[in-house]
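Engineer: Here Swiss-Prot flags 1-25 as signal peptide. Annotated Zn(2+) 1 binding site per Swiss-Prot: 41, 43, 84, 254, in sequence order. Residues or ranges marked as Zn(2+) 2 binding site in Swiss-Prot: 84, 116, 217, 252. Residues or ranges marked as site 'Transition state stabilizer' in Swiss-Prot: 117, 120. The disulfide bond feature in Swiss-Prot is assigned to 258-275. The feature substrate binding site is assigned by Swiss-Prot to 375, 376, 377, 378, 379, 498, 499, 500, 501, 502, 503, 504.
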């Protein structure tokens, strides 16, 4: 039985031709079939979710089936990841993503781009992950400041049939801004597009590959409109010589890159429907959403130095939709035929899953309503989850008010029982709660700067015990705990070491005399607060329009 139906087919022809002369190892007038499979933004999802969706066991079955199909047609497969293996699922986070990397080995990944979340841990952890991985972790634009040398392999070379394929890795230069500054004291992220130009030239002069692909973790922004984010794949493709890459396998923005029109993605892509990838400057750009929800499949034909895409599809990995029947009952129904889980993978990952679950499933409290932590809320508006987290930090530190990046809130908690797993999904980064004692004047300056952080970015701030009206770069009617700020008074503010050391572009506090690092991990602080405050009444934490922008 064939696992796949063809997706977007022959209408998607494009041509990739190397600008330089290559040492021809391929046969003239022979057509070579190359299939590039890709995922990105895995974020710890080695195991299926509670609805039986995605997971590496089903992914392996899918990939194995494609490999068999392609081999039967005389073709070859390359499997790439756009990065961010780390951070998002507690069972993975507590084990430094060891199950994820070992599972990726079994699936048969060939290479991955290093993502910004690979730096959520110290570099020593990433070096251990490199040892677990039987495939290269690539980034051409990450350098050690003190030596000026690259920290990782910039590219990897693969032989498929008679073809030499080069894969370049590139990482968003936002990493130093959105990651933990304490981990970047000797690390520099150079402009990816500039490094890509250099690496392509070097490859063409030295290795002379037949095909060059970029595996990136930079983000896809329609028409290159990246806002406060660093430039992404579209901008890079436009900056490179036309057709200098066959394709960009992307990540970071966590989108299904399926175009509705030129320079405009589909807003609500439906799993299992046709997907046309983006094309900029003769370069295909693909991205497979997140978490292993899809495996992207790009089928190419290479003939006489020309690379043509003949088919593209996003293949759902057991994704389901919620259906409500006439009797009011609902269930989750597969979009596409079920993919069986590979039992060898289940055997490999079960011990990791069981070890993690044992630590995480114990009830720590309960809530009478939903605590809102979804990405499309915490980066745009104040939420009750933000208030709860900051209440916990104020409680631990005795602070008058608290601030943090909305991007540090990673999940919601539904009404009902709360486990430590729920808490760790909300705050997976292991940041430390800190506080700073500041004069009222310093508070005014700090909050004025933070209030300029724009919505639709991880930097958008969540506030507690703060009220103001922001207009024209100034704060009007600024109050702490309902009282006007006294410039001569001393106030204590709680936040995370991430923000206090300049993360997300926030003003630095760690060099101030009144700065204290408590040593308490954020998730542990939230857990303890929930335990002592349970059952939680969500109305207590509901924002009431205290902060506004005009």
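Including glycine, each Cβ sits where the backbone N, Cα and C put it.
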Engineer: Around the Zn(2+) 2 site (84, 116, 217, 252), what further same-chain residues have their C-beta within 8 angstroms of the site's C-beta centre?
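Structural biologist: Nearby residues not in the site list: 40, 41, 82, 83, 113, 115, 117, 118, 171, 172, 175, 218, 219, 251.
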Engineer: According to DSSP, which kind of secondary structure is residue 379 (substrate binding site) found in, if we only use helix, strand and coil?
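Structural biologist: Its secondary structure by DSSP: coil.
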Engineer: Using C-alpha positions only, work out which of the recorded positions 120, 217, 254, 275 is nearest to residue 375 (substrate binding site).
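Structural biologist: That would be 254, nearest by Cα distance.
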Engineer: List the other residues in this chain whose Cβ sits within 8 Å of the Cβ centroid of the Zn(2+) 1 site residues 41, 43, 84, 254, in sequence order.
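Structural biologist: Residues close to the Zn(2+) 1 site, other than 41, 43, 84, 254: 40, 42, 83, 88, 115, 117, 251, 252, 290, 291.
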Engineer: Just checking the recorded positions 116, 275, 377, 379, 503: which sit within 10 A of residue 254 (Zn(2+) 1 binding site), CA to CA?
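Structural biologist: The recorded positions close to residue 254 (Zn(2+) 1 binding site) (Cα within 10 Å) - there are none.
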Engineer: Write out the long-range same-chain contacts of residue 116 (Zn(2+) 2 binding site), meaning residues 6 or more apart in sequence whose Cβ is under 8 Å from its Cβ.
Structural biologist: 83, 84, 171, 172, 174, 175, 178, 179, 217, 252
Engineer: If you run the three-state DSSP split on residue 217 (Zn(2+) 2 binding site), which class comes out?
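Structural biologist: The three-state answer is strand.
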Engineer: Under 8 Å Cβ to Cβ from residue 501 (substrate binding site), same chain, six or more residues apart: give me those in sequence order, or none if nothing qualifies.
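Structural biologist: The answer is 180, 181, 182, 508, 509, 510.
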Engineer: At the Cα level, what's the spacing in Å between residue 379 (substrate binding site) and residue 275 (disulfide bond), rounded?
Structural biologist: 28
Engineer: With Cβ-Cβ distance below 8 Å and at least 6 positions apart along the chain, what are the contacts of residue 120 (site 'Transition state stabilizer')? List them in sequence order.
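Structural biologist: Same-chain residues close to residue 120 (site 'Transition state stabilizer') (Cβ under 8 Å, separated by 6 or more) are 86, 87, 179, 180, 428, 429, 430.
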